[in-house]
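Reading through the structure tokens given below for one structure.
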Amino acid sequence: MFELLGVPPQALLGQLLLGLINGAFYALLSLGLAVIFGLMNVINFTHGAQYMMGAFVAWMLLQYAGIPYWGALVLSPLIVGATGIVIERLLISRLYHLDHLYGLLLTFGLALIVEGLFRQQYGSSGLPYTNPIPGGQNLGFMFLPWYRGWVVAFSLAVCLVTWFTIERTKLGAYLRAATERPDLVQAFGVNVPRMITLTYGVGVGLAALAGVLAAPIYTVNPTMGSNLIIVVFAVVVIGGMGSIAGSIVTGFGLGVVEGLTKVFWPEASATVIFVIMAIVLMVRPQGLFGTPR
Amino acid sequence: MTSTSRRASGGAGRNVDLIVFAVLVAALLVAPLAVYPVLLMKVLCFALFACAFNLLIGYGGLLSFGHAMFFGFAAYVSGYTVKTWGFSTELGILAGTAVAAALGLVAGVIAIRRQGIYFAMVTLALAQMVFFFCLQAPFTGGEDGIQAIPRRPLFGLVDISGDLSLYYVVLAIFAAGFLIIWRTIHSPFGQVLKAIRENEARAVSLGYAVDRFKLIAFVLSATLAGLAGATKALVFQLASLTDVTWQMSGEVVLMTLVGGMGTVFGPIVGAAVIVVMQNTFTGFGEWVLVAQGCIFVLTVLLFRRGIVGEIVAIARRRAAAGEAVGREAPAGG
């Protein structure tokens, strides 16, 4: 077959697909971060740990209860989201009147606790999770594993549903209003504290969903979250947290860029997103989709 | 992040600081009689690291979540120059510190373009970039790090191969670093920094080039963090990936938080508490991480002023009660 810039198209498209998958995780996680930050002014450092919990809960459901992947896809985000609600009610809600940095420090501490507990229990070598839809289709120009195609399509759908809910429904209108003026929305009779709690739960659930999706692709590993969350922070800085659509586009876009870097300059693939972040900060500090404040 | 702005009145507080510092140094001079010198040196290195970090968060209101990049990278540079290039000890430390300063300048220029929470995320991301660089660059020795860094005589004269003699060198470095920070806080520069922390918009309207002040503070903090890292490489004769990880950045935040952000001695106390805790629980595996997380959560929820901050607050409340001045102590830590 023909070669593109000296790279066989199989490798190129394979990495492109992997990039799209990573991009899906970036999008799902930065979406949750953006919604939580918009409403609570808290950067949820626990987000990576909750992504990891999503994968682990899926693994445990299979291991201890025999619940297969498709059940875990629903149950795991619900379970992890519920733990998020408890955390918000018990701990984070006590800090809303303080400087936002305390929320960051608190959730950082929580992330350490969660990661430490899982590392203590399961070590840091990683546990395998069986691919629920093995096999794939040869498209002529590349081989498409079913599961990878499913992850890209499904997470794109989840992102679009989230975008639609926030930007086009009445519920989303309440949410956006509360982001701008919580006091005023409360005065209109909306229970803002409950809304905040549920929003946190949903944001955490999205992270857990990404974790379940990741489980069959990567091994289930206690450190999978902390490595990812820092990249997601960079993604958030690049995109700016002002726009939901912006988070989705930035997430997928950067995943693809990272995948392409793996093909053309493998050594730089771990740092390319951080380099892009530095450039964006110099040129457009508020982020690609952010509004200057 | 607001913090107790003590010593606004100047004079008396400064003298108290210096007396406390003199007592501290005197105690540290005789401490090797009772405590293992290597543990003391570890505490001193981390105390200097935390003091440097505190300069940013406590007096500039800038939460850097990536200070490990200066600490760890300086350790690599001093380790490499001393071991491979045959630099003398003092030159090696100087090289590490200088590279940390240059790195601080680059990272600072990028990071100060955002404030608050974004600043924290940007510094964290930049530090992760440095981590990956160190992971891949051949000179760092990958997972092994740089081992067996020689301890050459200081200035060709003072033998520091023994732990006790090296301890006094480390103590001198720590004291010098502390005094630089203390002097900075009490200079007009430090006052402007505090003004920026309290109200950035007003500082801008008063005509201060806010970004330049932040950048200088950032570079100074990075330089001293580098000094601490370079010294640590010498103490343990090792520079490794551990010192550039995000966990290390988190640890210095924790030390400063526990001791008291924005207090002069808080970071020293916090560093001592955390290092001793780590040393005590070394056999407990990942529970150390869990314990650190719990300390984070408890400190943020229950005593945000930190150990020294709480002591200062109690002392001030007593003094205020004594003078029957009914003004409440400002909250925050």
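Going from the start of the chain as shown, residues are counted 1 onward.
Here the Cβ of each residue, glycine as well, is placed from N, Cα and C on the backbone.
Pulled from TrEMBL:
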TRANSMEM  B:18-39  transmembrane segment
TRANSMEM  B:46-71  transmembrane segment
TRANSMEM  B:91-110  transmembrane segment
TRANSMEM  B:117-139  transmembrane segment
TRANSMEM  B:165-185  transmembrane segment
TRANSMEM  B:215-240  transmembrane segment
TRANSMEM  B:252-277  transmembrane segment
TRANSMEM  B:284-303  transmembrane segment
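Most Cβ pairs under 8 A with the transmembrane segment (B:18-39) among the ranges B:46-71, B:117-139, B:165-185, B:215-240 are made by B:165-185. Below 8 angstroms of C-beta separation, residues 38, 41-42, 45-46, 48-49, 51-53, 55-56, 59-60, 62, 64, 67, 70-80, 82, 89, 92-93, 95-101, 103-105, 107-109, 111-112, 140, 144-151, 160, 166, 170, 173, 177, 180-181, 184, 189, 193, 252 of the same chain, each at least six residues beyond the ends of the transmembrane segment (B:215-240), sit close to that stretch.
With a cut-off of 8 Å on Cβ pairs spaced 6 or more residues apart, the transmembrane segment (B:117-139) and the transmembrane segment (B:46-71) reach 3 or more such pairs and are scored as touching. Taking Cβ pairs closer than 8 Å, the transmembrane segment (B:284-303) reaches residues 247, 250-251, 254, 257-258, 274, 277-278, 309-310, 333 in its own chain, all 6 or more past its ends. Counting same-chain residues at least six beyond the ends of the transmembrane segment (B:165-185), those with a Cβ under 8 angstroms from any Cβ of the stretch are 17, 21, 25, 28-29, 32, 37, 40-41, 44-45, 47-48, 51-52, 54-55, 59, 93, 151, 154, 158-159, 220, 224, 227-228, 231, 234-235, 264, 268.
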